[in-house]
Amino acid sequence: MHHCKRYRSPEPDPYLSYRWKRRRSYSREHEGRLRYPSRREPPPRRSRSRSHDRIPYQRRYREHRDSDTYRCEERSPSFGEDCYGSSRSRHRRRSRERGPYRTRKHAHHCHKRRTRSCSSASSRSQQSSKRSSRSVEDDKEGHLVCRIGDWLQERYEIVGNLGEGTFGKVVECLDHARGKSQVALKIIRNVGKYREAARLEINVLKKIKEKDKENKFLCVLMSDWFNFHGHMCIAFELLGKNTFEFLKENNFQPYPLPHVRHMAYQLCHALRFLHENQLTHTDLKPENILFVNSEFETLYNEHKSCEEKSVKNTSIRVADFGSATFDHEHHTTIVATRHYRPPEVILELGWAQPCDVWSIGCILFEYYRGFTLFQTHENREHLVMMEKILGPIPSHMIHRTRKQKYFYKGGLVWDENSSDGRYVKENCKPLKSYMLQDSLEHVQLFDLMRRMLEFDPAQRITLAEALLHPFFAGLTPEERSFHSSRNPSR
């Protein structure tokens, strides 16, 4: 009789007492999502044909949203971005982060290890030994080979695949220790750098859980973790699609303003909690913001003469804490995914919590219009776009930066007659000109975004202040309340 395979773990990894210091590369762009997927990496922008420059901005955004020249070799890939399975995400993450790292001598062969089959109950032990007769197996890249019907830890039964990325894979499981509740299990590759990044993320998630016992602050909930034969595994609550994936599947039709308002309020609420606990996320983007439930209804838009998907419930969770940094920790020079990276990071002036506020401003614009505000992957062009949209960079920031190669006599060095110069000139305009309507609530949204997109981080609005902004006066009492969810403990 055929038996499904049950895996048991060796002794838990004793890293809980590990005092950690974050180590990241000097130049990192981790763009990577549980149901959580990653970004494509198209050819470098300089290699495009001249005909490409004539592609409309929104279409070019869809095709080249994710390119960048920065690399990150020592981060935890996006929780929301690499899993919950967007093909866009997986393609980009593979091209970005698959490097010459190998932890075994024979990198091109599968690796098998025998499992243990000990159990406290004798009958359970006999069943376990039969189901563990097959070896634990890794593929050539260190991914755990597992199938629907397999078990891990005599607890998690795999019932579906949610996605695979550079860091590993995510599978949907039934947690038999908790009444067959559904969870998303993130299984990290058996590779040292990813294992270490997962340990750092687990420590951050544990700190968040300690501070938010009732799960009122909308951060993704870790319910369990364990080391399975070198694979760090993290169990999370099962959530819906990430907000970028939903946007993409809706043909990049922007979210309605009431949806933008509710998601913005939740984002400010969640990130204020992190900031008050001396933690900066550093990698906020639509991929790392997940719907609790992404069920939708299809509506006909008479104005656009097309059908649109409208999510039924705009409750969200913030995910991917693999790069989150406490105030007392070392702050690397480069943080944040390119499109959401603030000027102080590009100019290497140092960063803190206002870094997240800038990212939220960029995210809100993307929700509102359906495309990124700063569609670029090069520092100089990025700064030029900022000036075209937001006005001149403050002189004191120019004087302080070490990146003087971008400036001459206090101004950006830029050729407006080049193909890149023409592109920026044609497609970047003052922020308010992107408003779809002149009604009060649209004006209020753009006022909030402009305050979040202040060049000087010292002048940028704080999230405590943002929550009091008039834009949020239109929220319903239900939207202002945050219902606690079940918070399972280890």
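Backbone N, Cα and C atoms are what each Cβ position is placed from, and that goes for glycine too.
Take the ATP site that Swiss-Prot assigns to LEU162, GLY163, GLU164, GLY165, THR166, PHE167, GLY168, LYS169, VAL170: the candidate from LYS180, LYS186 listed for it is LYS186. Put plainly, the binding-site residues LEU162, VAL170 were compared by Cβ crowding within 10 Å, and the winner is VAL170. Residue density at GLY168 (ATP binding site): 28 other Cβ atoms are found within 10 A of its Cβ, drawing on all protein chains shown. Cβ neighbour counts within 10 Å, taken over all protein chains shown, single out THR166 as the most crowded of the recorded positions SER135, THR166. Distance from the CA of VAL170 (ATP binding site) to the CA of SER135 (phosphoserine) is 20 Å.
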